[in-house]
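Listed in TrEMBL for this protein:
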type	residues	note
DOMAIN	270-363	domain 'Transglutaminase-like'
ACT_SITE	CYS278	active site
ACT_SITE	HIS337	active site
ACT_SITE	ASP360	active site
BINDING	ASN400, ASP402, GLU448, GLU453	Ca(2+) binding site
REGION	468-499	region 'Disordered'
Amino acid sequence: MAQGLEVALTDLQSSRNNVRHHTEEITVDHLLVRRGQAFNLTLYFRNRGFQPGLDNIIFVVETGPLPDLALGTRAVFSLARHHSPSPWIAWLETNGATSTEVSLCAPPTAAVGRYLLKIHIDSFQGSVTAYQLGEFILLFNPWCPEDAVYLDSEPQRQEYVMNDYGFIYQGSKNWIRPCPWNYGQFEEKIIDICLKLLDKSLHFQTDPATDCALRGSPVYVSRVVCAMINSNDDNGVLNGNWSENYTDGANPAEWTGSVAILKQWYATGCQPVRYGQCWVFAAVMCTVMRCLGIPTRVITNFDSGHDTDGNLIIDEYYDNTGRILGNKKKDTIWNFHVWNECWMARKDLPPGYGGWQVLDATPQEMSNGVYCCGPASVRAIKDGEVDLNYDTPFVFSMVNADCMSWLVQGGKEQKLHQDTSSVGNFISTKSIQSDERDDITENYKYEEGSLQERQVFLKALQKLKAGRFHSSRRGADLQPSRPTPLSQDSPRRLHTPSLRPSDVVQVSLKFKLLDPPNMGQDICFVLLAFNMSSQFKDLKVNLSAQSLLHDGSPLSPFWQDIAFITLSPKEAKTYPCKISYSQYSQYLSTDKLIRISALGEEKSSPEKILVNKIITLSYPSITINVLGAAVVNQPLSIQVIFSNPLSEQVEDCVLTVEGSGLFKKQQKVFLGVLKPQHRGSIILETVPFKSGQRQIQANMRSNKFKDIKGYRNVYVDFAL
C-alpha cells in the first residue's frame, strides 16, 4: 500500500529565479521574484515520488499580518487543478523518482511585499500533511505587459529600474550643474528597509489588512511612499530643514547617496534622519521606488513656482532698492525644485493619462490630510486637466504659474509687471544610458508665448474656479488675489529684462557678468542701460545684492549701490560693479546663490524698471582617478584629489566617498585643516563586489563650505 507523500527538502532556486526576475543585484541567497512571471521550485520527497493521480499538492501564499482570501492577501491554489478560482497558478514542470519541479506565478495585480509559502499534500488515503516551504518577496514587474508598471523599452527599464546611480540637476537656469548621486537600490538590506517603510506608514498602522491588500496598486503604493519619505505626519525617513541651522544633523548638501540615509533611519528604530531638502527627498524616493520595481526618475524644475492659494499667480514683493522681500502669502519661486516621475497605468483616470506621473515627497502642501503630492499625470498637467487626481493643480502651478511683481513703498503696493513665462524652465532629468542632461520641458507645457500655452493656462484657471465654486457651500466664486490674470484678449507681456510691457519700454536694464563667478573670488559685473527712445533720459538706479536659499527665501542684503546714469537718445552705457569676496563670504548660504537687483526710475516718469539676476557661485570639483583595472573581488586603488579653493584656512574638513558595488559602506576621511589654496590627494583601497558599470561619488565639507563634489564612472569586469 502506498504511503502518504512526505516532503524532505525544498529548493526555492533563488539564484536561478532571481536572475530571470532581474533581482540578482539584490541577492541570490533569498527568493525575490516579480509578479506576472513564473518562478520554479523543487520539492524533494522522503519516501516516494509524487503521483499526480493519487496526490494533490495545494499551495498557500500569505502576506501581511492578517492574510485574507477575500482581500487577495491569501491565496490557495492546487497543482492538480488547472482551472483554479485563484489568480495564482501552479503547474508541473518535471517529475522524478523522488523530486518534482513546479512553476508558480503570481497574478500581475498581486500585492507586493513579503510572502510566506506553504503547501498541503492530500494523499489518496485522505491523509493531509502541511509544510512551510519558506519566504519570498514579490515585486512590481515592468517587464510584464499585464503589470500596471509595464515599460516596453529595455533601455528605459535599465535606466529607470536597474541603474543604481545618476545625477540630480541643481544650480540655476543659467548655470545647471549635475550632482552625482548613489541611489543604491540593490545594496544590502535596502529591500528590507523599503518593506519596513511600507509597514511604518499611517495606513498600515491604522488598517494593516486593507493596506496590504492595496499594495498591488502602484498608485496607492506611490502615495504611501511619498508620504513616508518626509516625516511631517509620521516617523518618515527625513526631516526637512530650510533654516540654514544644521548643528544637530547633516547639512542636506553633504549627502551623496540614499543608502546611508535609509540605513540610518532603519538602525535608529525608524527615527527621522536630519536633514533633507527637495533633492534629497526625491533621491531617496527614487531609491525606494526602483527597489520595489516601479520605474522612476528624478526631475529638476528651474524657477519652480510655489503657489499657496491656488490662483496660479506667484506674487513677489520688492522694496525701492530692488531687494526682494518675504511675503505673508508665502508664494515663492524656487531657484530649482526636485521631484520624481514614476511610470504607471492610471485606470482611475480617463484614457491617455497613464505613463509618467509626478510624485513630490518634499512636504509643501497637504493632500487628503497628509504631506504628499501625486501621482499627477504629466499629460494632464500639459493639457491643463487640473481636476484629475492627484494634486494636479499644485504641480501645474509649479511649472506654469504666472508671476506678479509688486513694489512696496510707504505701506502701499504698486504693480510692476505680470510675467507669464518666468516659471518652469529647463525641466531636466538624466538621459537614458548617458551622463547627459535631457530637457523634458515640452512634456509639461506647450512652448512659452504660444497660443496653446495661454489657452491651457486659462483652461486650468477656469477649472480651478469651477472646482472652488462647487466645493463652497455658499457658491462663492474663486477670486484670485490681486490682480485678475490676463484675459485672452489682453496683450501678452514679453519676457524681457524690463518689467514693463514692451510697447511702452523706453529704457532697458540688464546685468552681465564679466568673469565666471568662482567661490573665493570677487564678483565683477556691469549694469547695461539702453535708451531706446529719441529723448534724453536721466536714471536713478538702486542696486543691491542678497543671498537666496534655493527655495526662493531671501536673506538680508549685504551690498548696495546707487547709480546715476544719463542717456542720450539711442545710447547704451555700462555701469561697472564689483562685490568682493570679503563682502559676500559671511552672508552666503549653502546654496551659494546671490541675487543682484536694480530698480531704476526716470526723473520725469513715475514708471519703475526692475531687473535682477541670480548668480550661482561654483567650486572646483573633486578629481577621482582609478589606478588600474577594476575587477570583481580584486583589490582596487582609487586616488581622490581635492583642494581648498579659498584664500583663507578652512577647518574640520571631511571627505566622504561611496559607490554601489564598489564600497560596502560609505568611506569617511578626516582631513582636518587645509591651508589657503591647498591641493592634496589620498589613496583609498577597496575590493569591488559587483560587475558592470559603476560610479564613485565624493564630497568634501569644511567649516566654510559643505558640498565640493566629484564623481568617476568605473566599469568592473568579472573575475577571470
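In case you wondered, yes, glycine gets a Cβ from its N, Cα and C as well.
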Cα within 10 Å of HIS337 (active site) is the criterion; apply it to the recorded positions CYS278, ASN400, ASP402, GLU448, GLU453 and give the hits in sequence order. CYS278
State the count of C-beta atoms found within 10 angstroms of the C-beta of HIS337 (active site), not counting that atom itself. 28
Residues within 8 Å of the ASN400, ASP402, GLU448, GLU453 Cβ centre (excluding the Ca(2+) site residues themselves): ALA401, THR420, SER421, VAL423, GLY424, LYS445, ARG454, PHE457
Should one count Cβ atoms within 10 Å of each candidate's Cβ, the recorded positions ASP360, ASP402, GLU448, GLU453 would be headed by ASP360
Restricting the comparison to the binding-site residues ASP402, GLU448, GLU453, which residue's C-alpha is spatially nearest the C-alpha of CYS278 (active site)? ASP402
Rounded Cα distance, in Å, between ASN400 (Ca(2+) binding site) and ASP360 (active site) is 16
Candidate with the highest Cβ count within 10 Å, taken from the recorded positions CYS278, ASN400: CYS278
With helix taken as DSSP H, G or I, strand as E or B and everything else coil, how many residues of the domain 'Transglutaminase-like' (270-363) land in each class? 15 helix, 41 strand, 38 coil
Which whole-number value in Å describes the distance between the Cα atoms of ASP402 (Ca(2+) binding site) and ASP360 (active site)? 21
Could you state the whole-number distance in Å separating the C-alpha atoms of GLU448 (Ca(2+) binding site) and ASP360 (active site)? 24
